[in-house]
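Structure, as structure tokens:
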Amino acid sequence: MEFIPTQTFYNRRYQPRPWTPRPTIQVIRPRPRPQRQAGQLAQLISAVNKLTMRAVPQQKPRRNRKNKKQKQKQQAPQNNTNQKKQPPKKKPAQKKKKPGRRERMCMKIENDCIFEVKHEGKVTGYACLVGDKVMKPAHVKGTIDNADLAKLAFKRSSKYDLECAQIPVHMKSDASKFTHEKPEGYYNWHHGAVQYSGGRFTIPTGAGKPGDSGRPIFDNKGRVVAIVLGGANEGARTALSVVTWNKDIVTKITPEGAEEWSLAIPVMCLLANTTFPCSQPPCIPCCYEKEPEETLRMLEDNVMRPGYYQLLQASLTCSPHRQRRSTKDNFNVYKATRPYLAHCPDCGEGHSCHSPVALERIRNEATDGTLKIQVSLQIGIGTDDSHDWTKLRYMDNHIPADAGRAGLFVRTSAPCTITGTMGHFILARCPKGETLTVGFTDSRKISHSCTHPFHHDPPVIGREKFHSRPQHGKELPCSTYVQSNAATAEEIEVHMPPDTPDRTLLSQQSGNVKITVNGRTVRYKCNCGGSNEGLITTDKVINNCKVDQCHAAVTNHKKWQYNSPLVPRNAELGDRKGKIHIPFPLANVTCMVPKARNPTVTYGKNQVIMLLYPDHPTLLSYRSMGEEPNYQEEWVTHKKEVVLTVPTEGLEVTWGNNEPYKYWPQLSANGTAHGHPHEIILYYYELYPTMTVVVVSVASFILLSMVGMAVGMCMCARRRCITPYELTPGATVPFLLSLICCIRTAKAATYQEAAVYLWNEQQPLFWLQALIPLAALIVLCNCLRLLPCCCKTLAFLAVMSIGAHTVSAYEHVTVIPNTVGVPYKTLVNRPGYSPMVLEMELLSVTLEPTLSLDYITCEYKTVIPSPYVKCCGTAECKDKNLPDYSCKVFTGVYPFMWGGAYCFCDAENTQLSEAHVEKSESCKTEFASAYRAHTASASAKLRVLYQGNNITVTAYANGDHAVTVKDAKFIVGPMSSAWTPFDNKIVVYKGDVYNMDYPPFGAGRPGQFGDIQSRTPESKDVYANTQLVLQRPAAGTVHVPYSQAPSGFKYWLKERGASLQHTAPFGCQIATNPVRAMNCAVGNMPISIDIPDAAFTRVVDAPSLTDMSCEVPACTHSSDFGGVAIIKYAVSKKGKCAVHSMTNAVTIREAEIEVEGNSQLQISFSTALASAEFRVQVCSTQVHCAAECHPPKDHIVNYPASHTTLGVQDISATAMSWVQKITGGVGLVVAVAALILIVVLCVSFSRH
């Protein structure tokens, strides 16, 4: 692009420095001639000086003199010491002190419209005055460093990450203008040039940094084109995340991996009412190894602060120096935790126990079938808190012990494959089963295991139930637990373990009790006549007491333990807790799935016969692409042959994970519409059996009725003639009457007797008498055929020749069917100009509804903290604002001196159980969104053949939005049908959309869709209704039993059925991001076209065709351009002519041809008519074409028809000819019989 001189901003001229990285040709204005001559004179003087002053050394450029002086000044310190100083080394980095042209230009503008945003005295970003608004990135914390702007009320938009407010009136003159014009090229910002290409802004890597958020990007006229929010490092260049404008509509461009460029604000933590940066604890250094208990207390005090994990990392790293990170650092947090013993319902021998490998949680959200199991032991860590892949540590009688990881096993109905381990977590792929067992073998070769009831049925990915990943196939989206040990967003709660009872610490010594601590901290209590309790770290003797009267427990507050519902919490510390990250996060990935063998397909009349060969259970589904989809599906497990009927609108069949197959029927038939009557009847019977039977039956009935009527009239006339002679004795019948009525002239013998006589005596006369009436009838029929037609031809179907719209001006309106992939031609006839043909084809049509998100729902997680056991007293519940929170106190649970409850008193012991619901960790990837769908907006991608060029444009089909094709303006829509496949309520799950009447927000029902609701996957507002009821724990067991409805989300996933992608009518293709329906073949699409005068060719300039004739040598109807027509012509001059069919039942492939001399042209056409008669217009001349089309041989094709599909087939000319002959012959017989009857009646009446 061309740069405008910078005098626009400075009101003065100066020579800009060339921009070397971009080889853009700049338009340099010529200077006045005197300046050019002065420059040449200066060059000449310089050259003479160089030649004459040889003794003087050549001078270096001025900018290097300073460097030379600096080097001379630095020689002294460099000679005094051998160590190189750092300031000279940093000089090259600070070399660019003078800003370049672009930087100076931006600084001049920024002085007025840019303001710093400060937080605690530090600049975190910038605010910009643009138009009538002051704009600041929403992620930039702090206030604007301006008294007037700081007190404004900003409106926040999280979608665009922007805050806006109205500019005070007295500051509007300082604001910059903005523009949506962004031609590709280079723009300017504070750090130099910004390249805009492919819809993205990029800069050289290193030119921007955190703290630049909010800086504007200017064009060369000083207008703001975008505001910087952040950047994504892409190697040599950095892609900018910006907010920009597109035709007054704000848009946000965010490249993948973009980070916000606000200056980081140090997160503060608290210690003894003193705040400090979380990454720098005040104890120098605050090391867990040195002060473990105090460090954990500090972490518990700051567990809810944003910088908790920074404090945790700093507290566990003793060295103040920066260390190289490794995979071992991810295990570093486990040195502050320990394994534990917990209750297990089945320890492998049919009874419960306190197991070192107790199962806490089994997660199966991954769609690839991987299980994530949480246990009480820790894997990958030794008892010395070091990282070791080959070991695991478990609690052996309250003391951590090591075991080999090789002895770890997981099984359901068969052994599982362990794919990953770290800390408390195991990843495994397991076969189907109803129970899950985890166990290990310790160093003493003793096996420990724990079994839980768990129904495991690996989900199906795709549409085939396969057992192992194929080598080749198809990639489908799925989710899995990533085998990464790095810190994730998922976390678990830990807390201080309770005191652990240990009777081995007590021993009886001659009436006294000795407590041996063995280097540990022990809490004791003895009831020996009085209360005797305390906390000791050395051995102690209790006088006059017995072991049964004392209780001793080991106290260890130097390590955390998982907050398990199977272990009581520490009574002294209450709700104090910590958090640690856990490995193996759930993530969306792609999985390789097999593709079923292609079926063997045989085509029949309006049907497809598919022979299927499934290697494993494979899903077959199909739907009609008409208004009623009639979706059907079935799982095929063995070789099977299926016969599917193909409707007129088409059939879509999906077999396994293959792409859908689409079929359309053709009007194929065994007979022909141009043969004998029986062939014609067979032809129409195969096409329209019901109507053909009805028509043939009615016609047969009418013909038979007419024949019967003629026979009846003849019999009536004969009787009228015979009666007078029969009543007269000896009467003789006239010869003519006896000949017509087939009676004897005399009454001596009957007709039968005469016939027998002639047969016996004169057989030639018998045959002559029999042939005379037949010969007379044939002669009369042939004579009447030469007469004018007695009856008009009965047209069974009238095909209207509508043609194209004719306009008197350059504005043209047409309506095309909303069918993708079928070209449509329209003819523009303008008086005085040669006709113009426009060809249009819909490449895609999109219906995008306006959505408003009600909530998202996902699988819930039941959080059960460790139960609180109140020894010798009663606990009380407190109200907590948590989703579906429940709290109960149970009395009479634990007996006197029961060790599991850690109580030692003879009074009542109580347990406080509490539970609540929160979103599962999988909700970030596995969730369904409930939307309300409103009016859908339609857009069409249109291919237009205009003036010999194919041009593709995209327009909103609203009847208002105009797009330009060269010099013509097209306005598309509005569509004739406001139909949309989406209901008022829809649910979106990954790439699928479902019409569903979901419950509103805050009204979810247990066990159904929406039992847990949240506004967004990240929001903290959660509503839950899971029917959570706490139950009374069994005596002698530490646990929190409860009853709860199953997850409504998981139930919905199993029962949701087919999505709209498979069940939508009219062949709609449903897509998401955004939600839209594409290529729905419903309704029509009106198009208004404004064509300028220059696009037309005057009649005098266009070729004129004469002597045109049309011949159709071959035609196959209902086939894709199966007809060929040859048009002969004579033309006055060479040129191009538009070709168009004036009948909408015939579609011509060619739109424009070149004519020259006396020649002929060949065109291809498509029609659904058996007898096609149409007119073809070439330039301004029309010619009549007639074709006798035969049915296609192919029953089924994989493309839609390119012509207008008729609801009922036409009657061929041959069929109409046979109808005329048959009806004419029968009508003649009736007419002759009627004439005879009339004559006989007249004669009869005249006698009387």
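Quick reminder: no glycine exception, Cβ is built from N, Cα and C everywhere.
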Based on what Swiss-Prot records, which one of C528, C591 is disulphide-bonded to C545?
C528
Taking C887 as one end of a disulfide recorded in Swiss-Prot, give the other end from among C872, C877.
C877
With the disulphide bonds as Swiss-Prot has them, who is the partner of C858, out of C790, C791, C923?
C923
Pick from C1137, C1189, C1242: the cysteine that Swiss-Prot pairs with C1179 in a disulfide bond.
C1137
With Swiss-Prot as the source, which of 749-766, 893-910, 929-946, 1073-1090 is set down as region 'E1 fusion peptide loop'?
893-910
Quick one: which of C347, C353, C550, C591 does Swiss-Prot link to C478 by a disulfide?
C591
I'd like the number of other C-beta atoms within 10 A of the C-beta of C278 (disulfide bond), please.
23
DSSP on C721 (disulfide bond), three-state: which is it?
helix
Spatial separation of C591 (disulfide bond) from C430 (disulfide bond) - C-alpha basis, Å:
17
Of all the disulfide-bonded residues given, namely C591, C872, C923, which is spatially nearest to C416 (disulfide bond) at the Cα level?
C591
May I ask which of the disulfide-bonded residues C528, C858, C1185 is closest to C113 (disulfide bond) if we compare their C-alpha atoms?
C858
Closest of C128, C478, C526, C550 to C347 (disulfide bond), Cα positions, disulfide-bonded residues only:
C550
Confidence summary (mean pLDDT) of the topological domain 'Extracellular' (817-1224):
83
Long-range neighbours only, meaning 6 or more apart in sequence with Cβ under 8 Å: which ones does C550 (disulfide bond) have?
L506, V513, I515, Y524, K525, C526, N527, C528, I542
Work out how many Å separate C545 (disulfide bond) and C872 (disulfide bond) at their Cα atoms, rounded off.
22
So of all those disulfide-bonded residues, C353, C478, C591, C872, C923, which one's Cα sits nearest to C128 (disulfide bond)?
C923
With a 10 Å radius around each C-beta, find which of these disulfide-bonded residues (C128, C269, C591) has the fewest other C-beta atoms nearby.
C591
Indicate whether C923 (disulfide bond) is helix, strand or coil by DSSP.
helix
Check the DSSP secondary structure of C113 (disulfide bond), expressed as helix, strand or coil.
helix
